[in-house]
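Below is one structure, written out as structure tokens, with a few remarks after it.
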Amino acid sequence: MDRVNSSGHVISVSPSLTNSTGVPTPAPKAIIAAALFMSFIVGTISNGLYLWMLKFKMQRTVNTLLFFHLILSYFISTLILPFMATSFLQDNHWAFGSVLCKVFNSTLSVSMFASVFFLSAISVDRYHLTLHPVWSQQHRTPRWASRIALRIWILATILSIPYLVFRETHDDHKGRIKCQNNYIVGTNWESSEHQTLGQWIHAACFGRRFLLGFLLPFLVIVFCYKRVATKMKDKGLFKSSKPFKVMLTAVVSFFVCWMPYHVHSGLVLTKSQPLPSQLTLGLAVVTISFNTVVSPILYLFTGENFEVFKKSILALFKSTFSDSSATERTQTLNSETEI
């Protein structure tokens, strides 16, 4: 019996996603590889520019710090895309060794968890800034934001340890080396007991990833922005809702882009039919690539009207990511809040 394995991340294609010869069909393979290469080129340039502007050309504030780390998580993901694309072009053959198999997938997992955690942190920060302005003025500092960022990276790294443990390479006896998760605990892969245990471990890893990397952050973000929107409406502050629009754009783009990935992971877990799995895999790769490349651009253009685009790029960055509008709302709310 074959070992219990899964693509785990979209870096490899499950055996169920191939045609009768065991090789991914040419059209989806070419589309996926092209999307990954284009995302690498555009994402490296755009995210690199964002990081440079936020780090060296803007004032160090809570907002710029959180956005810097969010975009850093996107930038890390883009650096792995060429290796994924090469694997797809070589019929899912992994030519970079077992160490990089573990490292790249673990790094991709870290960036995934970090990005959703930073989106959650930004929404919670916006919640406190709008609904608890006095507390925010007393505690909301760049040093506080730096500590939050450090904890997020540590937590994302801890949650990604399973990819260092279970990810490995193996020969599929068809001339290809696969980089996949092996959830079998032990060397006796024929044992039904080990097969059952492996299936339970696979299910536990999927549940942990879906719960902590998607569902719970989604509920936190929805709650925070619902309360923020209600408060802003009550106080008539929607004219100053630029940061709110930026955050909402980030949230929508992230969850729309990551939903196909979690759907695909669920189909792999349940050993669904090949066609739905293949479609969701291709969609997941394209949407995740879209998320790492386009989301930062969306923040920029939803953060200010088109007239500001006629100004310098630096002015546009400052207008989008600065705390000025948030501070104005805080001062307005603070004047109406009883201490």
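Glycine is no exception: its Cβ is also placed from the backbone N, Cα and C atoms.
Residues belonging to the topological domain 'Extracellular' (1-30) score a mean pLDDT of 45 in the model. Residues or ranges marked as topological domain 'Extracellular' in Swiss-Prot: 1-30 (among others).
Per Swiss-Prot, the feature N-linked glycosylation site maps to ASN5 (among others).
Residues annotated as N-linked glycosylation site in Swiss-Prot, with sequence analysis given as evidence: ASN19 (among others).
Residues or ranges marked as transmembrane segment by Swiss-Prot: 31-53 (among others).
Under the heading topological domain 'Cytoplasmic', Swiss-Prot lists 54-64 (among others). As a summary of secondary structure, the topological domain 'Cytoplasmic' (54-64) carries 6 helix, 0 strand, 5 coil according to DSSP.
The transmembrane segment annotation in Swiss-Prot covers 65-86 (among others). Distant neighbours of the transmembrane segment (65-86): 10-11, 32-34, 36-37, 39-40, 43-44, 47-48, 50-51, 54-55, 95-96, 100, 104, 107-108, 110-112, 114-115, 118-119, 121-122, 125, 142, 145-146, 148-149, 152-153, 250, 285, 288-289, 291-293, 295-296, 299, 321; these residues of the same chain sit at least 6 beyond its ends, with a Cβ under 8 Å from one of its Cβ atoms.
What Swiss-Prot lists as topological domain 'Extracellular' is 87-103 (among others), and the listing cites sequence analysis.
Residue density at CYS179 (disulfide bond): 28 other Cβ atoms are found within 10 A of its Cβ, drawing on all protein chains shown. Feature annotation from Swiss-Prot assigns disulfide bond to CYS101-CYS179; the stated evidence is sequence analysis.
Sequence-distant neighbours of the transmembrane segment (104-124) (same chain, 6+ residues past either end, Cβ-Cβ under 8 Å): 8-9, 11, 66-67, 69-70, 73-74, 76-77, 80, 83, 96, 148-149, 152-153, 155-157, 159-161, 163-164, 167, 179, 212-214, 217, 220-221, 224-225, 247, 250-251, 254, 258. Sequence annotations record features per position, and here Swiss-Prot assigns transmembrane segment to 104-124 (among others).
Taken from Swiss-Prot, the feature topological domain 'Cytoplasmic' applies to 125-143 (among others), supported by sequence analysis.
Packing against the transmembrane segment (144-165) from elsewhere in the chain are residues 8-9, 62, 65-66, 69, 102, 105-107, 109-114, 117-118, 121, 125, 181, 205, 208-209, 212-213: each is 6 or more residues past its ends and has a CB under 8 Å from a CB in it. Annotated transmembrane segment per Swiss-Prot: 144-165 (among others), in sequence order, evidence recorded as sequence analysis.
Taken from Swiss-Prot, the feature topological domain 'Extracellular' applies to 166-209 (among others), supported by sequence analysis.
What Swiss-Prot lists as transmembrane segment is 210-230 (among others).
Positions annotated as topological domain 'Cytoplasmic' by Swiss-Prot: 231-246 (among others).
The transmembrane segment feature in Swiss-Prot is assigned to 247-268 (among others).
Under the heading topological domain 'Extracellular', Swiss-Prot lists 269-283 (among others), citing sequence analysis as support.
Among residues of the same chain six or more beyond the transmembrane segment (210-230), those with a C-beta under 8 A of the stretch's C-beta atoms are 112-113, 116-117, 119-120, 123-124, 126-127, 130-131, 159, 244, 247-248, 251, 255, 258-259, 262, 265-266. Listed as Cβ neighbours of the transmembrane segment (31-53) (distance under 8 Å, sequence separation of 6 or more from its ends, same chain) are residues 68, 71-72, 74-75, 77-79, 81-82, 84-86, 88-89, 282, 285-286, 289-290, 292-293, 296-297, 313-314, 317. According to its DSSP assignment, CYS101 (disulfide bond) is helical. Taking the Cβ of CYS101 (disulfide bond) as centre and 10 Å as the limit, one finds 24 other Cβ atoms among all the protein chains shown.
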